[in-house]
Amino acid sequence: MEMLIKFESKSSRAKGVAFHPTLPWVLTSLHNGRIQLWDYRMGTLIDRFDGHDGPVRGIAFHPTQPLFVSGGDDYKVNVWNYKAKKLLFSLCGHMDYVRVCAFHHEYPWILSCSDDQTIRIWNWQSRNCIAILTGHSHYVMCAAFHPSEDLIVSASLDQTVRVWDISGLRMKNAAPVSMTIEEQLAQAQNNITNDLFGSTDAVVKFVLEGHDRGANWCAFHPTLPLILSSGDDRLIKLWRMTASKAWEVDTCRGHFNNVLCCLFHPHQDLIVSASEDKSIRIWDLNRRTAIQTFRRDNDRFWFVTVHPKLNLFAAAHDSGVMVFKLERERPAHALNINTLLYVSKDKSIVSHDLIRGQSNILASVKHQGSPWTHPRSLSYNPAEKVALVTSPVDNGIYELVNLSSRSSSSKDGIKGSGDTALFVARNRFAVFNRSKQLIDIRDLTNKVTKTIELPEKVNDIFYAGMGHILLSTSTQVHMFDLQQKKVTASVNANKVKYVVWSNDSSHAALIGKHFVYIVKKSMELITSIHETIRIKSAVWVENNVLFYSTLDHLKYLLMSGDSGIVKTLESTIYLVRAKGDLVFALNRAAEPITIKIDPTDYLFKLALMKKDYEQVLHLIQNSDLVGQAIIAYLQKKGYPEIALQFVEDLSTRFELALQCNNLETALEIARTIDRPEIWSRLSSESLHSGNHKIAEITYQKLRYFEKLSFLYLITGNTEKLNKMAMIAQKRNDALSLFQNSLYMNDVEARIDMFVDANMYPLAYLTAKSNGLEERAQEVLTVSGINEDHIKLPSTGPSFTLPSPVRPTYAENWPLKDTSDSSFEKLLRDRIEQMALEPEEETASVNEFQEAEQDLLNVEEDGSDLSAESPEEGDGWEVEDLAAEEVVPNAEDEVGVIDGADEIHLWLKNSPLAADHIAAGDFESAMKLLGRQVGVVNFAPLKSRFLEIYAASRAYVPAVDGLDPLTIYIRRNGESAERNQSLPFISRNLESIKNNELNEAYRLVKANKISEAKEACLNIIYLLITSVANTQEEAEEMSDLLDEAREYIVGLSCELERRKLSEGDVTRALELSYYFASTKLQPVHSIIAHRLAINASHKQKNFKSASFLGQRLLDLAGSGPAAEAASRAITLGDRNPHDAFEIDYDPHVEFSICAKTLTPVYSGQDYESCPVCAAKYHKASASGVCLVCDLGAIGQRGTGRRFLV
């Protein structure tokens, strides 16, 4: 037996420690008055709590609620909420140090004992002391509830251990009855007497005397009628009790100082004790002898406790706290094809068929050591049907066990000493002796055939194929050839604990405490991963994918280094095999289990790694892979064209489209977003890719006239260069006009520009240098200068405009490599099936070209722009521009392809289901509702679908014999461009509030419960298929949907109550309380509270009625309702009891399970409906939601969406 320390904290002296029942947390109470909350798996401090003056001695978690209790030297018992991170209240009454605090496992009770010689029982809900146990004549050092019976055991320095019977207290508090005024007065008198002389609700059953000095600790056995006690006489005493008597069984001797704490091992026949002699001792319960002693040099042990569910212990000492185990829980096992061999908890070798699920006991190894020491490893030889079992007893032994009944028994009983033994050939096995650093190769008769001295200090050996083993040192792992007796390969790896070989033995996983290394057989490192949580096991699946388990997750690791989570585990498992969607493992109880998984995530990444795009496409079409993690992964790995299929956010889609050079998609998105920075990005990328047509559109949107002119120059588009010159003239932009005239070598235009700008010298020089003598004379005449006054510089030949070898404006330049990937070729064929939502049909190449050509060819009156008259309009509408104006929005001219279908624009512009319904694409709308809010039943929405569809269209009669003209009605009307149009959706939020909501309120007030429930259900159907115009309106719609759900759940409680028979009083009271607890409008909540109070008074549940009255008083404030509330509070104060015990806790926040109509308390596991957020208990979470009749319970969606 060894102490395996899992966590240790350094602090001031720790006086107490407590495990959380489910989370990996431990509370420590310190001598300096502070309480610390630690995560013992991560080794991190979560929180600190300060609220005591002086040392804190007692500490305990509540078994189900987010509470813990502490007691200290300030005489207080404090109750804390660790979620809210605050002190809730203090229980005052003790008059000396509080030694121990504990919660009852069933009732809302707290047990505390003190140096004031008393034991107190508190009700933490009512915050009252309900019993005081007196009888000890010295400090009461310890007190504990019995795990199942109505008993308390206590230990005191008066040298006695007392057992108390509290069945009277339980009956008194669990079954309250109504009392008359006389009975209430008598009870009050009894309470005073109890305070003075002790309560009769708890009586002493046994007084155990046997310690020579004060008793420090006592504890019940979890299942047997045994009691354990320890004291300052350095002894541990074992007592047995029956219904009528108790007596001492035996005494454990061996400690050298005061024994401060002791307990029973919950799963083994062991006793654990802690003492001031700086040791923790383990005792055999049956023999009462010491088995093992764990000693520290400088730390006295003050306290030891055990985890309520796991095999973990915690001890408090002078330097802090440590969490430890007393045994390894990993079952020894080996796998042979589909057969798992493992050693069970009763130390039997079991054969388990993974396919059939059948088990068979083959042999027993109970004779190896003590019952609580289990074998460490198992190596199986399928050829000879024998197994090597290694155990840590006697410093390491191995045994050769025959597993076949047909074979001779000559191999049975072969044993030897060694730390590790494993088969290395059919008739050879290797035995490693760590102390001697030797490896013996033995045959099946245990005869040594070869002895190998190791080249360096080795910690362990592992199987590495026939004739080879792996040697694990502190810093490396070596491949060792047993025949040549030499190391053939090495890899750096610190303290490897386990090695798992792939199915073809080509790769190995080296597993340490917090890392996994994947290496080839040549010890070449391929990839590695580090985990903060301990890694417990690993197994290979097909395609060389590694599954590994941590304490709470099942994860995968690919050869590329990619990893992810496959499943969250409820408890720790040890993997043995994985195939398809099944994982086979052993749990800590050494029981084979099968876990079903979803392998889609790692199969998707594996297909990408192998470039198997057919498989990628299949997984996208048939799996739910949408998520930020998968999108980020695809971007990181350079697959933006695949990531583009998952994304709905326009900005992200734009970035992905640029990454995969899909400029047409990027252009459509840019038109939708329509922000300058987006157009600027697109212009740079398009020109870089050689797509000058899209670059032209971006320059037009950004009004980059100079860039447009230069683009037309280098593409040889002289026609548009002329138009740019005309635009510059209309804009009175002399510099732009000069630039365009240079590009076209239009000397006359340059001369006119210089003249208009009064730059006569430059005008004359331009005319003279280009041989235009007449124009030169005209300039001189206008300027009034004589030619004799002008001295001209010498000029060369006239400049001629270089003409392009081949005009390129008709076609794009040779583009950057944009050939479709294999995935995109597959995608093109099946785009309709894999689209996440309908998109606008892509225009043909000719249509795109025509649309772009129309950019500058559209004329106001239909005439040709090449006409001489400057008054005629053109596509830029230059005649309407003032001097400070620029080109009109190019979106008007190229944003929408001529003749585009309106409904396609609706589909493209909105991700809302309502807009897709209006467009007539019901299938797309259903997909959106399913993905966003998990709708699976669309039958209740049929009429709403048809209403929306009909309201978005108007029909105008045409000529007889022809179909009527269809007019599509937009909700954004003329305020938006055509390519941003959205359909009209009937019934907005204001309409729903003014009609359906007011009608529902009226029906509730009129006590028409069934009709009101239907009205609230109709509100949900309307809201889920409506749209919002602002973010505030969207939030209000979501809140209104939640309110409708609360009304439906509350009204369901009231309807169910009215169906009950008169004899079902308890259930009727519960339903009335639940109805009052739902979040209704104040006027309706007042009605519900008054109904519940009346029902409570009728059944004499005065205490509950008092709680309801207090809440009603907060709601009403004044009037008849407030008077009724005051009467309920007064009656409750006079008679604070309930005649009927009900499942209702007013102090704890809860919701109502819509199926069982019972509370779902805060902290309990639950599932919810993705549509209306109705909650359900885990056991009831299946099928379609009973509130909205739309969503699948437990299904996850992206969330409600009301805003485009």
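Placement of Cβ uses the backbone N, Cα and C atoms for every residue, glycine included.
Just so you know, TrEMBL annotations never went through curation; they're auto-generated.
Annotated features, as they stand in TrEMBL:
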DOMAIN    350-587  domain 'COPA/B second beta-propeller'
DOMAIN    605-770  domain 'COPA/B TPR'
DOMAIN    850-1200  domain 'Coatomer alpha subunit C-terminal'
REPEAT    7-48  repeat 'WD'
REPEAT    49-90  repeat 'WD'
REPEAT    91-132  repeat 'WD'
REPEAT    133-167  repeat 'WD'
REPEAT    208-249  repeat 'WD'
REPEAT    252-293  repeat 'WD'
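Long-range neighbours of the repeat 'WD' (49-90) within the same chain, counting only residues 6 or more positions beyond its ends whose Cβ lies under 8 Å from a Cβ of the stretch, are 15-21, 27-37, 96-103, 105, 110, 112, 114, 120, 122, 124, 127, 308, 1148, 1161-1163.
If one looks beyond the repeat 'WD' (252-293) by at least 6 residues along the same chain, the residues whose Cβ comes under 8 Å of a Cβ in the stretch are 1-3, 216-217, 219-222, 226, 228-232, 234-238, 299-306, 311, 313, 315, 326, 370-372. Residues of the same chain lying 6 or more positions beyond the ends of the repeat 'WD' (133-167) and with a Cβ under 8 Å from any Cβ of it are 96-97, 99-100, 102, 104-105, 109, 111-115, 117-121, 197-199, 201-209, 211-220, 222, 227, 229, 231-232, 239, 241, 246. For the repeat 'WD' (133-167), the DSSP counts in helix, strand and coil order read 1 helix, 20 strand, 14 coil. Across all of the repeat 'WD' (252-293), the predicted model scores a mean pLDDT of 92.
With DSSP classes pooled into helix, strand and coil, the tally for the repeat 'WD' (208-249) is 0 helix, 25 strand, 17 coil.
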